[in-house]
Ligand SMILES: Nc1ncnc2c1ncn2[C@@H]1O[C@H](COP(=O)(O)OP(=O)(O)OP(=O)(O)O)[C@@H](O)[C@H]1O
């Protein structure tokens, strides 16, 4: 009769019994029995599998799209964004209204460049969008013209090997809302479980300007046309947004120049002089109805460089006289009380960074004094100091700086204290602030409405825990075999 060793509770199956060596195996190493070897190999495979699953299972899945292309067809130029920035300047597509085929042509060279930048094997999965903004919105006043331009653009883009998703004119509301999404997405403000306070977005283009922010005092009931609702990562946002068509900096400049006596212009540096075409001003739909009966074909535009006078003229293009709501910004448009921080981008940044005025902690009076000094600097001196800057922009900085301050302080009602809540930004984490990223994230469903089920542990914690469990299992396994091995190596007692 044999006295069998007691098996560990972990090994109570018949196979457990079979690992015990018969007495004639006395002196033999029990690890060498085929069953022991098989169990050991299976144990090791199980542990390796457990750790492998831990490593692979919880890893972030690769995104569906590696690249996405959005063409921002603005009033002043077209930019191509390949996820992050790849910007190639052309003229705004709306300027090809009289020869639409040229609009398609204008994109060809830059799109060929894009083709080189996206790896060939990714071409077919790369979505391509074109969004046109205020320049095309203005052209829509004559719908057949804007249709012709869009069609020409579509035909050109369809010839490229990408997954073409369409060309369309964004509404002002979309432009504002997607700009807000971009800023808050890049700032990681949307994916937070408790929902961080969001940042408002201020966008100044050539033909329109947008203001978008979340205000506790606005639920969309007053002026519903300014309300956009989002559900992002499980948080609900009720966004206030408004786009002012014609209040981009190029169209605003035309509006100030429409006044005939503005031939001597305080918004341009003293000594600046240029012969300009009146029809260029009055061709803009923003000035339709303003055209005097008799105007000369040309006028001489002379700068006189006076900030205070410029401010008065700029202010005259805003209408503050009527408001049917509880409160308005300008032109009778509802605006709730400003709230939180604001990111100001596009021309806000171009202009304020040139003027060295991006530091909003600087007292407003000091900002105005610096701008007044810039405006009064003779044009020749300005040109000498900045030979590298495009003259078209250089001549406009006095006007643009004055326009920005007037729009913010008088138009949107930022107080001197609230001015420091504005940050003039070009990029956030290497990506351009603007509507394009928000537009693409929305169209590719890359921002889920609901928060993804968050893992209980971070990835590294999860892997460590499974590894520790695997090691413990292995130790238990050895412990289970140990008594067997010890007893088996003893001489069996014969009763
Ligand atoms: N370096 C610069 N300095 C000054 N102004 C600039 C500079 N670069 C671009 N701009 C001007 O800034 C304005 C805004 O440019 P942006 O590309 O954001 O507008 P857009 O998309 O063409 O306009 P919109 O959105 O109104 O259609 C334009 O008037 C443009 O001419």
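Even glycines carry a Cβ here, placed using N, Cα and C.
Checking TrEMBL for transmembrane segment across the ranges 34-56, 57-79 points to 34-56.
Residue 210 (ATP binding site) sits 7 Å from residue 175 (active site, proton acceptor), counting Cα to Cα. Ligand 1 lies under 6 Å from the Cβ of 206, 207, 208, out of the binding-site residues 206, 207, 208, 209, 210. Listed in chain order, the extra residues whose Cβ falls within 8 Å of the Cβ center of the ATP site residues 206, 207, 208, 209, 210 are 75, 133, 134, 175, 203, 204, 205, 243, 244, 245, 247, 248, 249, 251. Between the alpha carbons (Cα) of residue 206 (ATP binding site) and residue 175 (active site, proton acceptor) lies a span of roughly 13 Å. Sequence-remote contacts of a segment are chain residues at least 6 beyond its ends whose Cβ falls under 8 Å from one of its Cβ atoms, and for the transmembrane segment (393-414) they are 202, 204, 209, 211, 247, 249, 252-253, 256, 267-269, 272, 274, 303, 305, 307, 310-311, 314-315, 318, 320, 329-330, 335, 338, 344, 347-348, 350-352, 354-355, 357, 364, 367-368, 371, 374-375, 379, 382-383, 386, 421-422. All protein chains considered, the CB of residue 207 (ATP binding site) has 29 other CB atoms within 10 Å.
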